[in-house]
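> Features from Swiss-Prot:
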CROSSLNK  LYS4  SUMO2 cross-link
CROSSLNK  LYS101  SUMO2 cross-link
CROSSLNK  LYS155  SUMO2 cross-link
CROSSLNK  LYS159  SUMO2 cross-link
MOD_RES   SER3  phosphoserine
MOD_RES   THR10  phosphothreonine
MOD_RES   SER95  phosphoserine
MOD_RES   SER354  phosphoserine
REPEAT    47-122  repeat 'WD 1'
REPEAT    128-173  repeat 'WD 2'
REPEAT    181-217  repeat 'WD 3'
REPEAT    228-269  repeat 'WD 4'
REPEAT    275-312  repeat 'WD 5'
REPEAT    318-369  repeat 'WD 6'
REPEAT    376-403  repeat 'WD 7'
Amino acid sequence: MASKEMFEDTVEERVINEEYKIWKKNTPFLYDLVMTHALQWPSLTVQWLPEVTKPEGKDYALHWLVLGTHTSDEQNHLVVARVHIPNDDAQFDASHCDSDKGEFGGFGSVTGKIECEIKINHEGEVNRARYMPQNPHIIATKTPSSDVLVFDYTKHPAKPDPSGECNPDLRLRGHQKEGYGLSWNSNLSGHLLSASDDHTVCLWDINAGPKEGKIVDAKAIFTGHSAVVEDVAWHLLHESLFGSVADDQKLMIWDTRSNTTSKPSHLVDAHTAEVNCLSFNPYSEFILATGSADKTVALWDLRNLKLKLHTFESHKDEIFQVHWSPHNETILASSGTDRRLNVWDLSKIGEEQSAEDAEDGPPELLFIHGGHTAKISDFSWNPNEPWVICSVSEDNIMQIWQMAENIYNDEESDVTTSELEGQGS
């Protein structure tokens, strides 16, 4: 039996490598930017910070990322990294690529540098890290324990204490187990939600300050789910509304003004398998999306949750991340176990397709990023550079990329499919 499994693994590995080679050959046609960077350890989390600096007379801008580590029994860190992203006028040429390193060059002086700027000791791997919108120096993290940690990275040395001691500014208590979901309220400073394997969602107000030492107890614990709560998200326009999704296949909408924490305002059987993630649309107060182990992304309208608006189908395995674009109301991306990051355009739902196009996926599937050869752990849309995404996968690879403008601008591409498929063969 073992040999059969080994054989299947080898075949899969071969297929993955083959697909990667084809992807790499086609990058000049498909992307305006691709930067591939091997991290020292895999990161389970990634988020762009909102800050951007444009150095005088340089052909790049500086951006920052929040990352974490997932080591093999070595010291873990919360990481802030600095990234050089070439300006539009710095000619990026994806065809200049060093095939051994998987590095893409061709920016003139910029080689798409990525440097670790701050490393802070962390207790165990960083399951997820998210900055507080009202003060991006403040970062909350999910740990392998039940504690949620809060760090103000300006109060920590750039190089971690060699003792390995983890010294968070606050320690948030209320969960019994670890988890992944984490969401800061963009309308109420300091209000943080966390989802856990203990079937609950905790809410803290970090402004309340610690009761003793650095410990802050949960302000409320929401107990509606009957299984692991995978993700939680505040509504972006209503300060008291949030959503949670869980392995009980349900999406729940909660209102913190309600006098009960055991029953949500709305409950919907969202998928036919575990629901792993959700995201509220930043432009439309009624629209949200959920992603599931049933390999689909579902679109919902808060005014009528009984009816699923749309199902996005193309992923071949579980979906773990879904995020709306910060710049375009109709653009959404999803990723997960199938090593693909799909970008969807709601405005194309129902468009007519040729039989040939239909084979590639539904009309609303705008783009498939195929650069990862392992499961994608997380991704983040750059808030300052439209269409730039950073994605991280389980094999230590981080990619910063932007699809070619002709793909999202609806202009007829001058690249024929035969050129793409047959290139170099």
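Backbone N, Cα and C atoms are what each Cβ position is placed from, and that goes for glycine too.
Describe the structural context of these features.
Take the CB of LYS4 (SUMO2 cross-link) and look out to 10 A: across all protein chains shown you find 8 other CB atoms.
In the three-state DSSP scheme, LYS155 (SUMO2 cross-link) falls into the helix class.
Long-range Cβ neighbours of LYS159 (SUMO2 cross-link) (same chain, at least 6 residues apart, Cβ-Cβ under 8 Å): LYS119.
Taking a C-beta cut-off of under 8 angstroms and a sequence separation of 6 or more, SER3 (phosphoserine) has no same-chain neighbours.
Listed in sequence order, the same-chain residues six or more apart from THR10 (phosphothreonine) with CB atoms under 8 A from its CB number zero; the list is none.
SER354 (phosphoserine) falls within neither a helix nor a strand when secondary structure is assigned with DSSP, and so counts as coil.
Taken as a whole, the repeat 'WD 3' (181-217) shows an average pLDDT of 96 in this prediction.
Non-local neighbours of the repeat 'WD 4' (228-269) in the same chain are 179-188, 191, 193-197, 199-201, 203, 220-222, 275-282, 285, 288, 290, 292, 300, 302, 305-306; each lies 6+ residues outside the stretch with a CB under 8 Å from one of its CB atoms.
Away from its own ends, the repeat 'WD 5' (275-312) comes close to residues 230-238, 243-247, 249-251, 253, 266, 268, 318-324, 326, 329, 332, 334, 336, 342, 344, 346, 349, 362, 364-365 of its chain (Cβ-Cβ under 8 Å, at least six residues beyond either end).
For the repeat 'WD 7' (376-403), the residues of the chain that approach it from at least six positions outside its boundaries are 30-48, 50, 52, 61, 63, 65, 67, 83, 85, 102, 112, 114, 128, 320-321, 323, 325-328, 333, 335-336, 339-341, 343, 366-367, 369, judged by C-beta separation under 8 angstroms.
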> Would you kindly list the residues that approach the repeat 'WD 3' (181-217) from elsewhere in its chain, counting only those six or more residues past its ends and only Cβ-Cβ distances under 8 Å?
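Distant Cβ neighbours of the repeat 'WD 3' (181-217) are 128-135, 138, 140-142, 146, 148, 150, 168-175, 223, 225-234, 236-239, 242, 244, 246, 254, 256.
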> Output, ordered by sequence, the same-chain residues six or more apart from LYS155 (SUMO2 cross-link) with a CB under 8 Å from its CB, or 'none'.
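Counting only residues 6 or more apart in sequence, the Cβ neighbours of LYS155 (SUMO2 cross-link) under 8 Å are ASP169.
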> Compute the C-alpha separation of LYS4 (SUMO2 cross-link) from SER354 (phosphoserine), stating it in Å without decimals.
40
